[in-house]
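Heads up, the thing below is written out as structure tokens.
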């Protein structure tokens, strides 16, 4: 009966979403998602201790894609007394502005009206349920003989510490790890020595339980926060997993290289998994191995300097963003991959560097960076360098371009400043860069004398704000911005013109949804492979799956 109830709810949600996409109106079918406005929002999040709220716009394509997943998650979480809500920002503009909404959809977790944090999980029903379930629990759940069995299977990955009640130091260490990783895993602890003995361990011990591979992994390192964190991030990765929207961020966060196996059929996939699994077992903890669907996500091969020929193999150093593609003229076998991985681990293989030609001359105030002059320009320790990572097809980047040129001229054309500040850009789709870029445009400041600590820019894309950012974060505190003179006031027109009438009759921003959708459609076509995996809202992705 429960299955039938969930199936019916899913069908209703899909029908509602289809009508929503066609008509651009909110669904009218029964919903477990609570629609809130300025008159109800504060009281709702005050009454309920944990609420996930979606701030959306009816015309937003990403919001429409999220709708059935969000509805399904709301139904499942309702049983756990975790409520989901939504706010239509085209109606509740003031409320959305109050909560700092800058893109759609924006999801935030509320623990009262004044305690909000961003939702950083995947936008699929199961991921939302898992993420919010973790949020509802304390960082570490105290377990006993009556609760431990159920807790071990409460999520795909569960970490349990077996500790003595009077072991304050190790209890504090484990709690520190749990607080840091609570969004990723469920953490529990017990002081019952009989439970530890039943699991074949002795306090102090940490065991990671998982629904794949061998089922569990026992921590055998020094009981430090760093070692336990490393253990959890490593043991939680499948021996031979699959790269996709639910797993990519986990592979990137693991902090160890990732070996991709691009496959275009189930037959090839099974054959290569059988061949490579022994290698994955041998290098467990040193290199992660995963297959990736070349039919759906083949565009990502270009990011690894591979051609679209399948099957294919490459290793990515996820911390330095270095790529090591396997020679595509050779056959992928257990021996050829074993030799390749062995040489990689021993440092015998040089990374593949994709770079445009170094510009022969400096044209314009914005310095052009490519992979082969990256260190020369960006890592110049005597200069503050503001660097934009862009894509030629990115609409946001095109809109920024004239402002970025104006910004660069403030320093380039001033003899007092041009040896202190450099404003530069790099096409991150055509050049390998040593940082992981997850959206375009990404802007970073590399201060003189602190090149290993770049600062991300998160402000508005105006000349004034960018110049202020350079002044605030650069070593030399250069203040180059000069406000433009005020524009003269226009004389009032006594006769209404056709343009005035048209402006009055057309609400401001009424064409924005159509224009936005058209632009997004263009981006979708240009990035068909990567876009399908990521589903990012505010930026068009690169490197990210």
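Positions of Cβ are set from backbone N, Cα and C atoms, glycine also.
What you are looking at is a predicted structure, and each value in this text was computed from that prediction instead of being measured.
Annotation comment: TrEMBL describes 1-21 as signal peptide.
Over the domain 'Thioredoxin' (15-137) the predicted model carries a mean pLDDT of 87. The domain 'Thioredoxin' feature in TrEMBL is assigned to 15-137 (among others).
Residues within less than 8 Å, Cβ to Cβ, of residue 63 (disulfide bond) and separated from it by at least 6 positions along the same chain comprise 54, 56, 57, 104, 105. Annotation source TrEMBL lists disulfide bond at 60-63 (among others).
The domain 'Thioredoxin' annotation in TrEMBL covers 344-475 (among others).
Neighbours of residue 394 (disulfide bond), defined as other CB atoms within 10 A of its CB across all chains, total 22. Taken from TrEMBL, the feature disulfide bond covers 394-397 (among others).
According to TrEMBL, the feature region 'Disordered' maps to 481-545.
Sequence annotations record features per position, and here TrEMBL assigns compositional bias 'Acidic residues' to 488-497.
According to TrEMBL, the compositional bias 'Basic and acidic residues' annotation covers 518-527.
In the domain 'Thioredoxin' (15-137), the DSSP tally of helix, strand and coil residues is 52 helix, 23 strand, 48 coil. Cα-Cα distance from residue 60 (disulfide bond) to residue 394 (disulfide bond): 18 Å (rounded to the nearest whole number). The Cβ of residue 397 (disulfide bond) has 21 neighbouring Cβ atoms from other residues within 10 Å, across all protein chains displayed.
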